[in-house]
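Before any comments, here is the structure.
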Amino acid sequence: MALPNQQTVDYPSFKLVIVGDGGTGKTTFVKRHLTGEFEKKYEPTIGVEVHPLDFFTNCGKIRFYCWDTAGQEKFGGLRDGYYIHGQCAIIMFDVTARLTYKNVPTWHRDLCRVCENIPIVLCGNKVDVKNRQVKAKQVTFHRKKNLQYYEISAKSNYNFEKPFLYLARKLAGDQNLHFVESPALAPPEVHLDIAAQQQNEADLAAAAAQPLPDDDDDAFE
C-alpha cells in the first residue's frame, strides 16, 4: 500500500509509527539508521518526517517507513492522520524520566483507538544514563497488554535492531526470520560497557519473574 510521500518498492514495506512523550529519544533512535536518515521525506500536511529504514533478512529485504512526529507531541496529542494505516508501532519512554513512563498508557490508548491489533513494541530508552528513575521491575505495562519490551540506548546503538526484528517477525508471521546483515548505523556517541549490558539483562529477567502488581502506580510510591 503506497502512502503519501512513500515511493513504492518491490519488497515488503510497512508503516511504523513511533510515539511517546517529547524528549524520549524517538528522533535520535530513528536517525541512527544512516540510509533512512539520508532518504527521509518531510510530509507537510501532517508535520512528520518519514524515514525509510531497510533491513536485510534471510527472506529478503524489508522496509519500515518510520513516521517521526518532529516534536509536535509536545503541543498536545497527535492527529489521527499520523496513526491511520499504521501497521506496527513503537512506544518509547525515557528510563530517566518517570512521567514519560506514566504516560505510556495514554499513548497506547491513542494508538489502539486508530490502529487495532497491530504489533507494538515498548522501548525504554537511555539505559546508558546513570541516574535511572524507572527500574526494570517497575516496567509492567507491557505484561498487562501483551506487548514486547526492550531496553535500548539510542546513542550507543544498544539493542537498536531488536524492536525491528520483533516487528518483522510478527508482520511476516515467521519466528525464524533473522537479519543477515546489519544496517549502517551512526557511530556510537556513548558506550554501554558489557557489565552494564549484562546487569540490564539480569534485571529484566528478574523483573519478568515477579508477580504483576495490581496497579502500575504502586511501583512509584
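Glycine is treated like the rest: Cβ placed from N, Cα and C.
As the structure is a computational prediction, the values presented were derived from the model and not from experiment.
Per Swiss-Prot, the feature domain 'Small GTPase Ran-type' maps to 10-174; the stated evidence is sequence analysis.
Under the heading GTP binding site, Swiss-Prot lists 21-28, G71, 125-128, 153-155, citing similarity to another entry as support. In the three-state DSSP assignment, the secondary structure recorded for T27 (GTP binding site) is helix.
Here Swiss-Prot flags 40-48 as region 'Switch-I'.
Within the model, the region 'Switch-II' (71-87) carries an average pLDDT of 79. As annotated by Swiss-Prot, region 'Switch-II' applies to 71-87.
Look at Swiss-Prot and you will find 202-221 tagged as region 'Disordered'.
Annotation source Swiss-Prot lists compositional bias 'Low complexity' at 202-212. Sequence-distant contacts of the compositional bias 'Low complexity' (202-212) (same chain, six or more residues past either end, CB-CB distance under 8 Å): 135-137, 139-140, 143-144, 149, 151.
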Message: Within a 10 Å radius around the Cβ, which one of these binding-site residues has the most neighbouring Cβ atoms: G23, G25?
response: G25
